[in-house]
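Student: For reference, TrEMBL lists these features for the protein:
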TRANSMEM  12-30  transmembrane segment
TRANSMEM  57-79  transmembrane segment
TRANSMEM  85-104  transmembrane segment
TRANSMEM  151-172  transmembrane segment
TRANSMEM  178-196  transmembrane segment
TRANSMEM  217-235  transmembrane segment
TRANSMEM  247-268  transmembrane segment
TRANSMEM  280-299  transmembrane segment
Amino acid sequence: MGQDRGKYDFYIGLGLAISSSIFIGGSFILKKKGLLRLARKGSMRAGQGGHAYLKEWLWWAGLLSMGAGEAANFAAYAFAPATLVTPLGALSVLVSAVLSSYFLSERLNLHGKLGCLLSILGSTTMVIHAPQEEEISSLEDMARKLVDPGFFIFAILVIIVALIFIFVVGPRHGQTNILVYITICSVIGALSVSCVKGLGIAIKEAIAGKSVVRNPLAWILLLGLVGCVSTQINYLNKALDIFNTSLVTPIYYVFFTTSVLTCSAILFKEWGHMGTDDVIGTLSGFLTIIVGIFLLHAFKDISVSLASLAVSMRKEERAFPAANGMASHNTYELLQHESTGDMEDREMGLPFDSVSRRNGAMTSSLDY
C-alpha cells in the first residue's frame, strides 16, 4: 500500500507540475503585453521603478495566471520531491517561447526550436533519474531540517547575495545586464521553494486533523513565502520590461533550477541516496537543458530556418567549382609572374629588386 500511495502521489505531483508550467508560461506573455501597452501610453516603465502596471488589466491577467501556476506548483511540491517538480519548469520555457512568437512577434528561429526540444529532453531525463528525498512527514521534521548547520549557512549566503545584488549591483548594472535581476529572483526562489515545501506539509497535517495554526513555524514559513514571492515578482517584472521575453524565461529557468537543486540537496539530503547511474543521468539531463537554453539565447538574432539552410547549401555548391577554377587560374598566373621576375633579377643582377618586390614596391637600384 505504501508503494501504491507513492505512485499515486507521484502522478498527482507530475500532473500538477505540467499544468503549472502551462499557466506560468502563458503568464509571461500576458504580463509582457501589458507592459508594452503601458510603454506605448508613455507611462513610467517598471524597469525605471514605475508601478503603472498595477492599473493594467492584462498585467493582472498575467498575475492571476502565474498565481494559478504557482498554486499548482505549490501543490506539486507537497506530493513530489523538489528535484522532480523543478526541472519540469522547462515546459514553461517552451510555452513562453512558442506563444511569444505568435503574440509578441518575437521570432523563434531554428536554433531556438532546437533549444526548446533539448530543454524538454533534458527535463525528461532529470525526471527519470530524479532522486528520492528524505521522508518528512511533520512540521517537527521540517524544523529540524531548517536548523541544520548546512542549510542555515546556505540560507545566510543566499540572503547576503540577494541584498548585494539589490542595493549595490542592481542600481549600477540592472538596466544593461540581464543576469542582475534574474539572479535576485533565482536565489530568493530557492528559499521560496523551501517555504512552499514546509507549507505543503502543514496543509497535509491540517487535512489529517492535526492542529497547525498554533505552530509558529507555519506562520514563519507563510511570511517567508510572501516576502520571497513579492521580491521575485518585483524584479522579474523589471527583467521582463527591459529585456526580451524569450531570453528572460530560459535564463531564469536555468538559474532558478540550479538554485533549487542546490537548496534541495542541502535541505533534504537527496543526493546521498542516489546511485551512480542516477547521478550521471541527473547531471546529463541538466547539462542538456543548459545547452538547449544556450541555443535559444546565443543565436536569437540570426534568421535561420530549414529553407534558408537549403538555399545556402545550393549557393555554396554552385560557388565551390567556380572558386576552385579561379583559384587554380590565379595561382598559375602568380607562379608564372614570379618565375619571370626571378629570371629578370638573375639577368639584370639587381640585388635590391627582390627585397623591394616582397615589400610590394617595384623599385630598381638604378633609382639610387
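Glycine is no exception: its Cβ is also placed from the backbone N, Cα and C atoms.
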Student: Report, as numbers and ranges, every residue of the chain located at least six residues beyond the transmembrane segment (178-196) whose Cβ falls under 8 Å of a Cβ in that stretch; write 'none' if there are none.
Tutor: 73-74, 77, 82, 86, 146, 155, 158-159, 161-162, 165-166, 169-170, 221-222, 224-225, 228-229, 231-232, 235-236, 238-239, 242-243, 247-248, 251-252, 255-256, 258-260, 262-264, 267
Student: Any chance you could find the range in 151-172, 217-235, 247-268, 280-299 with the most Cβ pairs under 8 Å to the transmembrane segment (12-30)?
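Tutor: Stretch with the highest Cβ contact count: 247-268.
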Student: For the transmembrane segment (280-299), name the stretch out of 85-104, 217-235, 247-268 with the most CB-CB pairs under 8 Å.
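Tutor: Most contacts with the transmembrane segment (280-299): 247-268.
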Student: So, do the transmembrane segment (151-172) and the transmembrane segment (57-79) meet, by the test of 3 or more Cβ pairs under 8 Å (sequence gap 6 or more)?
Tutor: no
Student: So which residues does the transmembrane segment (217-235) touch in its own chain, when a touch means Cβ under 8 Å and the partner is 6 or more beyond its ends?
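Tutor: Same-chain contacts beyond the ends: 63, 70, 139, 142-143, 146, 162, 166, 170, 181-182, 184-185, 188-189, 191-192, 195-196, 198-199, 202.
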